[in-house]
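*Asks:* Structure incoming, see below.
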Amino acid sequence: MGVISDRSRIAWGRRRPFILGGVLSTIFAATTLAWSEPISVAVCTLLGISNANGWWGTVTRTVAILAIVILNISIQPLQLGLRSLHVDICPREQQAIASAWAGRFTGMGNIIGYVLGSLPLPWISGDYEAMRFRYMVYWTTLALIATSLVTCYYTEEEDPLMSTYDPGLERSVYRVFRNLLDGFSQASNRVRHVYLVQFFSWLGWFGFLFYSTSFIGQLYVDEQARDNVTISSSIKDHGMRLGARANLLFATVALATNIALPRLSVMLRSMLARARTHDKGARSSSILTIIWSFSQALYATSVLSTTLVSSSATATFMIAIAGISWGVTQWVPFAIIGEETAKFSIDEESAKREDEHVWSVVQGGTIIGLHNTAISLPQIFAALISSAIFWVAQNLNQKHAIVWVIGWTGVPGAVAAWLAFMM
């Protein structure tokens, strides 16, 4: 996707068509997922398929799975286009602050989403969880349309038609994959190391982000059961809203981290820059990797400790602490990649005159695309591992498999901390 974006010659930009295409396909997939049951029932009814053997349920699950696959694919060009925009447009010295602001806006979006998710919906009847999900998809759709239109309208990209690059040389599928391999091999060691850290980091983050709300809800239900309270649908709903509030705290801490840490890192960098006059071994660029390493270690400690708690309040505190790590994850790797990419961005005509092969801004999408792969690929493995944990727990008659699903994510988190420390 990154290579195709880099080679795009659409007159209104390299990134904006991918952003808008990603928005439309994401909305389609999310809407299909939210309404998968009524869509499946309607299709089966039109085709004359009866529900005698549970066919409607089978079709619903199939539609939901396909929608999830399409959703995961659709998000890629959206993320790629948005992240590539500030890499393309901002000079190297502004990459860290651009990534910080991107993380801050992401944090604000998370907070708004969790607030909406934690609100009671007394007017809803029927399948409460399904209706709440559709309610969230509705607001997400409005937010995606509004923010993407504003971004695409006010962002000015370089005219791709002005590039000296000949797109005819790279049209074959073979050349696209060849460019991907070249992009990986020609990226700096620092960028490749970011890919590796992100792989293990997201191997851990997927399970945490996907199951943390259910984890808090399950702990609350267990607390009520220990107090001999009859477990009703209202108790379960309250537990889910407690989970959403825990994630609201998580998102708030992440946003505060995104606001405070970039300023702190600038201060530390200036101190190291002064120290370099006395110590040639001091590296101001190491500040980001140190912050990243400690944040991953904090995440690993937080989630591993959840296997020892039985209180929803204590677990909420641990999830909130993990927000520090999430804030760093939304900032540092993108800042490092932005700096490394911008460092090699030079005028294409100068590169041509000097007859050198260098990274230019045209190839920023390839770097971001490979980074998206390093984030997306481990999520597939994480989903498979989580499913395996649930399967083993079911066969062992263990009721609290979700605790172990959350807890095991600390292992790849610890690996990511060590890898970041070694950068």
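Every residue, even glycine, has its Cβ placed from backbone N, Cα and C.
Keep in mind the model is a prediction, meaning the values are calculated, not measured.
Pulled these features from TrEMBL for this protein:
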- 17-35: transmembrane segment (TRANSMEM)
- 55-75: transmembrane segment (TRANSMEM)
- 96-116: transmembrane segment (TRANSMEM)
- 136-155: transmembrane segment (TRANSMEM)
- 194-211: transmembrane segment (TRANSMEM)
- 248-266: transmembrane segment (TRANSMEM)
- 287-309: transmembrane segment (TRANSMEM)
- 315-337: transmembrane segment (TRANSMEM)
- 358-381: transmembrane segment (TRANSMEM)
- 401-421: transmembrane segment (TRANSMEM)
*Asks:* Count the CB pairs under 8 A between the transmembrane segment (194-211) and each of 55-75, 287-309, 315-337, 401-421, then give me the winner.
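*Replies:* Going through each listed stretch, the top one turns out to be 401-421.
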*Asks:* Verify whether three or more Cβ pairs under 8 angstroms connect the transmembrane segment (136-155) with the transmembrane segment (17-35), leaving out any pair fewer than 6 apart in sequence.
*Replies:* yes
*Asks:* Between the stretches 55-75, 248-266, 315-337, which one has more Cβ pairs under 8 Å with the transmembrane segment (96-116) than any other?
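*Replies:* Top-ranked stretch among 55-75, 248-266, 315-337: 248-266.
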*Asks:* For the transmembrane segment (287-309), give me same-chain residues lying six or more residues beyond its boundaries with a C-beta closer than 8 angstroms to one of its C-beta atoms, as numbers and ranges.
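*Replies:* Contacts of the transmembrane segment (287-309) (Cβ under 8 Å, skipping residues fewer than 6 from its ends): 96, 197, 201, 204, 208, 215, 219, 261, 265, 268-269, 272, 315, 318-319, 321-322, 324-329, 332-333, 335-336, 403-404, 406-407, 409-411, 413-414, 416-418, 420-421, 423.
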